[in-house]
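Per TrEMBL, domain 'Lon N-terminal' is recorded for 135-344. Taken from TrEMBL, the feature ATP binding site applies to GLY499, PRO500, PRO501, GLY502, VAL503, GLY504, LYS505, THR506. The domain 'Lon proteolytic' annotation in TrEMBL covers 780-964. What TrEMBL lists as active site is SER870, LYS913.
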Amino acid sequence: MKGFDTNLRLQASPQLSNVFLPKKLSVTNLNFRSSSSSSPAMLKLFSSRVHHLTPAIRPGPRAVESPLFKALSQLTGLNRRSSSLGHRVFFCSDSASDAEAAAAEVAEAEAEVADSKSSSAIVSTNPRPEDCLTVLALPVPHRPLFPGFYMPIYVKDPKVLAALQESRRRQAPYAGAFLLKDAPSTDSSSSTETEKNINELKGKDLLERLHEVGTLAQISSIQGDQVILVGHRRLRITEMVSEEPLTVKVDHLKDKPFDMDDDVIKATSFEVISTLRDVLKTSSLWRDHVQTYTQHIGDFTYPRLADFGAAICGANRHQTQEVLEELDVHKRLRLTLELMKKEMEISKIQETIAKAIEDKISGEQRRYLLNEQLKAIKKELGVETDDKSALSGKFKERIEPNKEKIPAHILQVIEEELTKLQLLEASSSEFNVTRNYLDWLTILPWGNYSDENFDVVRAQQILDEDHYGLSDVKERILEFIAVGRLRGTSQGKIICLSGPPGVGKTSIGRSIARALNRKFFRFSVGGLGDVAEIKGHRRTYVGAMPGKMVQCLKSVGTANPLVLIDEIDKLGKGHAGDPASALLELLDPEQNANFLDHYLDVTIDLSKVLFVCTANVIDMIPNPLLDRMEVISIAGYITDEKVHIARDYLEKNARGDCGIKPEQVDVSDAALLSLIENYCREAGVRNLQKQIEKIYRKIALKLVREGAVPAEPAVTTDVEEAEIVAKLDVESPEKDAAKESKEEEAETKKISVEKVMIDESNLADYVGKPVFHAEKIYEPTPVGVVMGLAWTSMGGSTLYIETTVVEEGDGKGGLNITGQLGDVMKESTQIAHTVARKILLEKEPENLFFANSKLHLHVPAGATPKDGPSAGCTMITSLLSLAMNKPVREDLAMTGEVTLTGRILPIGGVKEKTIAARRSQVKTIIFPEANRRDFEELAENVKEGLDVHFVDDYGKIFELAFGYDKQQD
């Protein structure tokens, strides 16, 4: 308050928008900044004027005796010595004569020191405020202007600004300040938008947006577009005089008469003062306002007290405008009191929040200082080193035992990071990054290998204990062990086990690790779409982690584990990269010796790791990745193998899990065979395991219900137990008799529970009705129907091809196909139709069946999608059977792709199709000649009892299907 700077923009804060000036301001805007406009003469004039006005601004006897003034004087502790007012910028006079004298003296000073047109010159106030009946209407956007306070506003309209400057030149520096109403269509807007809207309003539109009651304001100064207004008295708009700039006629409003000695008004005013006292204790901003106001105003009357409280509080624009419009002094005091009470509550909340935050910060600082002191004391006593020294010691202890095995480039990186760690502050983020990096580098098993098992016999026993069958996989693992034994060391390999679900691909990986005496680690990549899961994140990212392989080495603690990568055929691909491409480096024997993880940023030797991957369909694996793996197909289990697995593995596990003893249950071989054939036909044994567990759960429930498991003894209280003992102790013979009776009863219950028998007759009581029925629909096979063999992801299956005549007539030959066939299979039907017509023409030239018959070919079941070329020979046979009206031989199934010339091409899934034929009790199978080797590699128990023919031309199939007596292999 020691200098009035018109360049200050104070309208951002609501509490600073109205700053005090005395009501009867005569001279304004003395600027004492050190600039070219200041001069020794101006300073001299200001000093003499202040001393001249000192008696005028002192309160008279009446003011000193005023209880309001005394109360505020006690609140603020003001010193009313004249010396305290020596540097006040704004001052007031008690009469118009003093104002005129001051204006004259200032005018003389202006002539001596500066240009008369300067915006900071003192404006003459010869016209009295009450004579201003027509004024320029200036909109005030944020808060109303109260008498005795000043407010800076910004005028963007050149016409309005020119009119204000003209008013000052005409010695009538007054205008009307009116609060702007809220826009009708907007809820809230920023100050920039509000000012923009004000500048766009003109004439009547602006008048409609203004409140009727405002304040007559003296134009204190104009600098650029900034205008400083000083409030004098209340006004009310009566009518508009002109639109541009907006000029209105006004009425000067006076307060309604009131009794100075009224007790209610006195009590209200004292409550306002009391509230001021409380607020002054918490808010220094209010204290400055009160000090300035009381030193300048002289006599603190009731109306001024109400205006002062409303002007400096932080109430919103509508509440302060309501105070401005109120002419009843008592009501105005009550409104001001309400606003100040709210302000007091806000101040208390603010004080509470500030105190809570201060206490929290103080507590944290105190705890930090105590911890630092404790660390320093411990360090001096040698009890404990600092955090950085302790961490460095821990990391060095980790690498010391295997320091000779750690590669040189890894040791160099570790030493550099340890040196870097000592230079960093423990509170910095880089410290935590370096610490985590060293933690990973030092915990990895550099050069630490587990002792492998090179005993082939022992490995064979372990593999046979865990799995039945799977001879191909077991043979490959034994070969791996044999090579390692001859070389004295083993190398990593990449093996891919492919097959339908439930055949033991994942579980065999754990058995292989046990047979090799290696650590086992499994992770699934099904649906994986982020390369960082394989290669790790960059250390610059927050929460960065190494890839799965680094995590694997940390978890197992050795550098040569067996890593099982599950579901490799279900890799995803997203915005974070292609994981399949990232696996190329990991699963390449030539590259994984120098595998680079993004987080570690050093090469890791993975050449000793044995990778075992699993997949259901290898066609889904990208070719570059598939080329790096050694694929071993697991076709599935035949019925005999499933019976052995169920008897030797699944049944034992289910019985142990249910708590049933072997002598309590007997499951017959016929029941197991029926369970496999009618409920669990899939290639794997997962569903078979579920059904066996279901059977044993029901058996457990039955045993509990029949009392085979003794019930828990009833809980008796101490009193009841004492009474029973007392009764039994009275007569010893009765006690012995009761004991013998209980033993006999328990023995009787034990004997009465018979052994549970599960056979084919009561199997449905435990697992429900059969799910599958015999795949052999026809017995014998009718004309136009031939059994084919198909491969599915669940194993092999038989497939019937049915053909019938729809319509006959000259030239009506044609073919319709149904059965949800794929594009390849639809092409096979067209090829089969063409080849069948050609063969029929050769065998029976006079037979015009295909030329004059419209045929319909169907492949059951219609709800199952089917595709592939291997049903070509089956379709030709079905068409020829219908054309010659001759059924094919019984117990015959065939598969093979056919060309237009009748050649038979090889197919896939020989083992699965052979198993499907055995399941359907087919004895004669026709395979392409190129698949002879695949069939010969099958186990003897799979080939046993089958009459298999290998053909390379359809003519041989024709003889086998329709010749009956002629067979060719």
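From the backbone N, Cα and C atoms, a Cβ is placed for every residue, glycine too.
Features as recorded by TrEMBL, highlighted on the structure.
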residue : record           : Cβ within 10 Å
GLY499  : ATP binding site : 25
PRO500  : ATP binding site : 23
PRO501  : ATP binding site : 16
GLY502  : ATP binding site : 21
VAL503  : ATP binding site : 27
GLY504  : ATP binding site : 24
LYS505  : ATP binding site : 26
THR506  : ATP binding site : 17
SER870  : active site      : 26
LYS913  : active site      : 29
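The Cβ centroid of GLY499, PRO500, PRO501, GLY502, VAL503, GLY504, LYS505, THR506 marks the ATP site; residues of that chain outside this set whose Cβ lies within 8 Å of it are LEU497, THR614, ASN616, ILE634, GLY636, ALA683, GLY684, ARG686, given in sequence order. Rounded to the nearest whole angstrom, the C-alpha distance between SER870 (active site) and LYS505 (ATP binding site) is 27. Between the CA atoms of VAL503 (ATP binding site) and LYS913 (active site) there is a gap of 16 Å, rounded to the nearest whole number. Mean model confidence of the domain 'Lon N-terminal' (135-344) amounts to 79 (pLDDT, 0 to 100 scale).
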